[in-house]
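Worksheet for the structure shown next.
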C-alpha cells in the first residue's frame, strides 16, 4: 500500500487485528478473529478479507479494480502476534490508556507513527459504503477517560497516496500490545480522518511524519526491555490459511526452509532490498533495482517496462471496460512459478496463481479470465502475493532484511533476536 505523509515521505503498510490470549515466561501471543467483508480491493485502509470481487460491467468487458520472553538470564524476548489472512490488511488489537481502551489498528511496516481515532473524531467519507462513524467502528480513544493521558499540544497530519488522511494532536499514554505494556508512548489522537482504522507504524524512525524524531512503538519496546532488539519477523502463511504471525524481537525457525539470507536495506527510510531479476516460468526479466517488501500491499508493483515484461510473460492480454480503462488478464489456470532472484543467490519461488485474481460479475458468475495482480508504478513493490512465499526478518537496528523460502506449518520454534 502506498502512503505519503505531510512531509512527502513515501510509506507503505501492513495490517494486523488481534486479542491477547496468553502470556508465558517465554512469549507474549495475540490471537486474531477472522472477519469477512466485501469492499473495494483498491481501498488500502478497509478491512477486506478474501471475499470475491463483484463487478458491475457489460458481460463482454472487464474492469480495472482496484511474543514473549526468554527463560534465560536476559528477560527480554520476542513478542509474537498472530495475523489474520485478509485480502488487503492484517489488523491487530491494542489497548490505550489507564483503562485499557481497545482498538483495532493497522500494523504498518512502511510507516512509523501510531495514530488512533478520537472518540469524537469526524469520519470523512471517501469510499463507496462509508457511512456514519465508520472510522470509529474498530474502536476509539477518549483521553479524558485515561488518568495517564497527556496532550502534547502538537499537531499531527498524515496523508496516503490514495488520498485518505488523518489529522489530530500528539499524545502520550500507556499502550498495550500482546500483553506487553509500553509506558508514555507517543502517538497521534486523530480528530478527522477518511481512513477506516488507526495505524500502528513500525518502520524506521526517519520515516516518522513528525518534524521532531521520537521513539515509536518498536523502539519503545526495546528501550523498555520488552524485546532485545528493534527487529521483527513476518509469516503471512498460505493464501488458504486464516492466520499468520508477526513476532517482535523473535524468529520462528520452524516457518522456513533452508537458511535465512541477510540482505542490506537499500533505503534510509523504507524497508527495501536489491532485486536482480524475476524469472516467469522460464522467461527472465532483469530488474537490478531496489524493491520494497510491503506486507500492506495486496499486489506487486514495478516500473512500467519491468511490469509489462512480467505481465506478458504471464500470458497477459489487454482488456478494456466500457469507460476505456485498461486491465491485464490471463488464463486463470496458468501454472508454474515466478522466481525472484535477489543478491547472494537468494531465490524465492512464488506460485503463478498468486498473481492471478478471479473476477466476478455482479450476478456472482466468474469472469472467464483472471486479472494479473502486477501493476505499473513509479516504485518497485513486492506485496502480499510475493510475501506469502517468503519468511522475512526485518532488523531495523542493523539495517538488514533476512529471507528464506517459507514453510507452511503449524509447528513453532521461536527464538529471540539478540
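Backbone N, Cα and C define each Cβ position, glycine as well.
As written in Swiss-Prot, here are the features:
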| type | residues | note |
| --- | --- | --- |
| SIGNAL | 1-18 | signal peptide |
| DOMAIN | 90-404 | domain 'Peptidase A1' |
| BINDING | 108, 109, 110, 161, 162, 294, 295, 296, 297, 298 | pepstatin A binding site |
| ACT_SITE | 108 | active site |
| CARBOHYD | 138 | N-linked glycosylation site |
| BINDING | 268 | Zn(2+) binding site |
| ACT_SITE | 294 | active site |
Nearest recorded site to residue 110 (pepstatin A binding site) by CA-CA distance, among recorded positions 138, 268, 294:
294
Which entry in the list of recorded positions, 108, 268, 294, has its Cβ near the fewest other Cβ atoms, using 10 Å as the limit?
268
Residue 108 (pepstatin A binding site): nearby recorded positions from 138, 268, 294, Cα cut-off 10 Å:
294
Using C-alpha atoms only, work out the spacing between residue 138 (N-linked glycosylation site) and residue 294 (active site) and round it to an integer in Å.
23
Fewest neighbouring Cβ atoms within 10 Å: which of the recorded positions 138, 295, 297?
138
The residue listed as 'Zn(2+) binding site' versus recorded positions 294, 295, 297 - nearest by Cα:
294
Could you find out if DSSP has residue 297 (pepstatin A binding site) as helix, strand or coil?
coil
